[in-house]
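Peer 1: Got a structure here, written out as C-alpha cells. Questions coming.
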Amino acid sequence: MLIRRRRSWELPEGAATPESVYLSRRHLLGAGVGLAAGATGLAAGLGWPAEAATAPGDPANDPTKDLYPAKRNPAFTLDRPVTPEDISGNYNNFYEFGSDRRNYQVADIAARMPRRPWTVKIDGLVEKEREVGIDDIIRAMPLEERLYRHRCVEAWSMAVPWTGFPVREFIAFAKPLSSAKFIRMETFVNPEVAPGQNRFVYPWPYVDGVTMAEGMNDLAFFVTGIYGKPAPNQFGAPLRLALPWKYGFKSVKSIVRISFVDKRPVGLWEQVQGREYGFWANVNPAVPHPRWSQASERDIGTGERRPTLIYNGYGEQVAGLYAGMAASEQLFM
Ligand SMILES: Nc1nc2c(c(=O)[nH]1)N[C@H]1C(S)=C(S)[C@@H](COP(=O)(O)O)O[C@H]1N2
Ligand SMILES: [Mo]
C-alpha cells in the first residue's frame, strides 16, 4: 500500500515517520527481536535474494492437500471472469515479503516461508485459551470453494476461487464468551523468512479485525486454498481471511493468532496512516480515498477498468450490518 513517501523505508526513520506511534513501536522492537534482526535487514532491504522454494514452503507438500478440490458452493457467483492464477499469484500485497506487488518478488520470497509446523493461538474472551495445530483446525472445518471478488483500496481488483470455511464455523470452534465484541487477527513475525519485517516503519505484526457481527456474516471466510489447491504462500498460507465487501487490507494473511476482544482492534494500516485507512473499510465508490478516487478499479485479469460497486457488489448480504452508519464513517471510523 502506498504511504505518503513511497520509499520511506530508504530514508532515516526519523525523517520518514512523523507520527510518534512509530517511535514508541520502534523502541519496543529495538528492545527485542528487532535489534537482532536489524543488521541483516538493512542489507537485505536493498535487494533480497530470490531463493528457490524450499520443500516446507511448497504447497505441493501441504499435509491437507487430500482435501482438495473442495466442493464449490454455488451460492457465490461472479459477474466477471476468474483471474488467471499466473496473474493473481504474481501481483500480491504481502508487505512482510516486499512492497512491490507488480513483479515476482513477493511470490518468490514468500515461497521460502515454511508452512509447517504452524499453530494458531486462540485467546482473549474465550471459554478456554489454547494453541491449535493448523491441520487440526482445517480438518475440523467444512471446506468449500467460493468464487469471490477482491477489491484492494489501491483501486485494483481480481476474482478468484478461494477454498476455506466460514468464519462463523471457526467462531463455534473457538467458543468465545458473550462479552467478546471483536475478533482480532494477527500475522506471524519472523524477520528471517520475511525480510519486510526488518523495516521498522511498519509496526509488525500485521493486525486487523472485524466485529463479531461481521465475523458471523455468511460472507466472512477463512481461506486455506485457491484454484482448487492449498494456497501458495504469497496468498497468505496456511490461513488467511477473505472479506469481499471490504478493502483488501482487512483480509489478514498467514494468521497465527485469533483473539476475541472487547475493544476495537487497530489494524496495521490504521496505525501507519489512520487518516486514510480505517477500521470499517467497506468498499464504497462514493467515498474517495484522500489521495485518489474509488469510483472505478482496474481488473488485473482482464486489464479493464470497471466501475466499483458499493460493498463490492455484496450489499444484499452485508448492508444491514451498517444500517444507520454514514458512508464516510464506514471508511474512517
Ligand atoms: N499479513 C498481511 N496481510 C495482508 C497484507 C499484508 O501486507 N500483510 N496485504 C493486504 C492487502 S492490502 C491486500 S489487497 C490483500 C492482497 O491479497 P492477495 O495478494 O491474495 O491479492 O492482502 C491483505 N492482507
Ligand atoms: Mo490492498
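In case you wondered, yes, glycine gets a Cβ from its N, Cα and C as well.
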Peer 1: Among 54-74, 285-305, find the range that TrEMBL records as region 'Disordered'.
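Peer 2: Feature region 'Disordered' in TrEMBL: residues 54-74.
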Peer 1: Kindly point out which candidate in R199, R240, R264 is recorded by TrEMBL as part of the Mo-molybdopterin site with N92, Y95, E96, C152, T187, S251, V252, K253.
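Peer 2: For Mo-molybdopterin, TrEMBL names N92, Y95, E96, C152, T187, S251, V252, K253; of R199, R240, R264, the listed one is R240.
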Peer 1: Tell me whether T187 (Mo-molybdopterin binding site) sits in a helix, a strand or coil according to DSSP.
Peer 2: strand
